[in-house]
Amino acid sequence: MMGLGNGRRSMKSPPLILAALVACVIVLGFNYWIASSRSVELQTRIVELEGRVRRAAAERGAVELKKNEFQGELQKQREQLDRIQSSHSFQLENVNKLHQDEKAVLVNNITTGEKLIRDLQDQLKALQRSYSSLQQDIFQFQKNQTSLEKKFSYDLNQCISQMTEVKEQCDERIEEVIRKRNEAPGSRDLAETNNQHQQALKPQPKLQEEVPSEEQMPQEKGDVPRNKSQIPAPNSESLGLKPQVQNEETNEIQAVGEEHQQASIQGQAVADGTRVGAEKLDQHTQLPAGLLARPEEDSQYPEREQLVIRDRQEQQRASEEGGGQKNPGDEYDMDENEAESEREKQAALAGNDRNINVLNADAQKRGIINVPVGSERQSHILNQVGIHIPQQA
């Protein structure tokens with residue numbers, strides 16, 4: 001019941017509920033108005049924010065494009081930088097390698113140069129030592145040369161004096177032989193001319209057979225002794241001469257003595273016979289090569305050449321003196337004189353042939369040169385050696 005009583009009480013207060021409800025509606029409307037105004041503001045703000053977001057997105061897209069462009073350029077620059085770095089590193093390696101090679105070459109050159117300098121210094125020292133030894137040798141050689149020159153001059157003076165003595169002895173022997181031959185009777189001269197005529201008619205043997213050897217000459221001609229024993233042997237070291245030179249000199253002296261003997265035998269020949277002999281001498285004369293081809297060798301022995309020339313001049317004078325004597329056959333009649341003149345011509349021809357053979361024997365020792373007959377050179381050389389050739393008519 002009580003409950004029913006409370007219900008009745010609530011039914012009795014509706015204006016309060018309505019007022020409360022109106023107040024709630026007013027409050028809710030105000031709240032709605034406020035919320036709607038706020039929502040409108042929020043919507044405007046959302047629209048603004050959306051616009052901002054769209055602008056930001058557009059700006060972001062542009063920024064991203066620029067970023068992409070910048071990234072592409074950056075990538076290109078990085079690639080270019082990498083290429084530059086790689087080329088730089090390659091060039092740097094090449095330059096370093098080249099520098100290393102040059103350094104090695106320079107070091108090698110320096111080592112070889114130092115070695116060469118050391119070798120040259122050693123060679124310089126060796127050359128200095130050899131130079132000092134050569135100076136000592138030169139000094140010793142000069143001393144030896146002065147002593148040898150003194151010795152040579154002394155030996156040369158001795159040799160010259162000995163040669164003059166030998167020449168005087170030879171001249172005395174030759175004069176003795178000529179005097180003996182001139183004092184011989186005319187019959188002996190006539191017999192000798194006949195023997196020479198018979199020898200001239202025989203065929204002429206070889207040159208080596210006509211020239212007597214050194215052993216046969218003193219035996220056949222006893223008036224001219226061997227001069228080899230009279231010549232003392234000079235010092236071969238100081239003069240620098242071989243023993244063959246002494247043998248040649250003795251052979252020449254012996255040949256000159258034999259020529260003087262033959263000249264004394266042929267001294268009584270007529271002038272016609274001498275002309276015939278001169279003609280044959282012009283045809284067959286051969287001169288020694290020492291007079292033409294070897295003047296230097298002859299200039300080393302001037303005393304020997306002068307001795308031979310003087311002996312030949314004396315032979316020429318002796319032959320002229322012998323030719324000036326009268327022939328005992330001139331006292332005969334004309335027929336006998338003609339026969340004797342023929343014999344004397346042949347004898348003179350044989351004597352001239354022997355003289356030519358003697359000259360050829362002398363020429364064989366030095367070498368023979370054929371000179372044209374009648375040339376000026378032939379006459380000049382024959383005059384030097386003391387041979388007088390009369391001119392033909």
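Cβ coordinates are placed from backbone N, Cα and C, and glycine is handled just like the others.
Lifted from Swiss-Prot, the feature list:
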type	residues	note
CARBOHYD	Asn109	N-linked glycosylation site
CARBOHYD	Asn144	N-linked glycosylation site
CARBOHYD	Asn227	N-linked glycosylation site
MOD_RES	Met1	N-acetylmethionine
MOD_RES	Ser187	phosphoserine
TOPO_DOM	1-12	topological domain 'Cytoplasmic'
TRANSMEM	13-35	transmembrane segment
Quick one: pull the CA-CA distance for Asn144 (N-linked glycosylation site) versus Asn109 (N-linked glycosylation site), whole Å only.
50
Around the C-beta of Asn109 (N-linked glycosylation site), how many further C-beta atoms are within 10 angstroms, looking at every protein chain?
10
Would you mind checking how many other C-beta atoms are within 10 angstroms of the C-beta on Asn144 (N-linked glycosylation site)?
10
Mean predicted confidence [pLDDT] for the topological domain 'Cytoplasmic' (1-12):
49
